[in-house]
Amino acid sequence: MNGATVQPSYKEAGPVRYHPMHDCLSLILRLLTLGATIAAIVAMLKSTQTVPTLLGPHTARWKDFPAFEWFVIGNSIVLVYAALGTLAACLSLFTRRGPLSYTKTAWLTFLCDFICSCALISAGSTALGVAWIGKHGQHSAFWNAVCPTVDRFCDYVQGALIATLCGFIFQALSTVIAASALHNLATHRH
């Protein structure tokens, strides 16, 4: 120790720093996912319509289609997860140590985000298939389009599908944020 100072090496990994941007983006995206799934569920639940026909009243309900039931269930699952994720993101903003700060919980967050994204796109695409046939019919199977008859029902279903697509985009972006947090944790590992 003859007065020589040791220069720090810039190639060494430093301590893991807190990244408030991950938590802020995560909170915003989870709130948007929450709002989109609520809108999709409410629109689908309000989509019942009864119209008079020659054979008596005809009621179009989401409960009559298994694809629409899965649509409501899938959106409900993501709604619960988004609500819990929003709480976790709020806590991580205040405590500076949230689920994206530790490797194990960041992996769990990433996997849950990915599964919820898959559930949303599955529910949305299944309902979209039924809605497409309802709007355009299937001429080779002699299925007529029902949307000219129950137009309000179809409008609500269309709104729910648009909300689910928005929810999927927000949930997929949450998955990207979780993957980015995992990348930061992996590159700053000692």
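Keep in mind that glycine also has a Cβ here, set from the backbone N, Cα and C atoms.
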- Query: Same side of the membrane or not: does Swiss-Prot put PHE94 with TRP143?
  - Reply: no
- Ranking 25-45, 71-91, 114-134 by Cβ pairs under 8 Å to the transmembrane segment (159-179), which is first? 25-45
- With DSSP as the yardstick, break the topological domain 'Extracellular' (46-70) down into helix, strand and coil residue counts. 8 helix, 10 strand, 7 coil
- Message: From the DSSP assignment alone, can you count helix, strand and coil residues within the topological domain 'Extracellular' (135-158)?
- Response: 13 helix, 2 strand, 9 coil
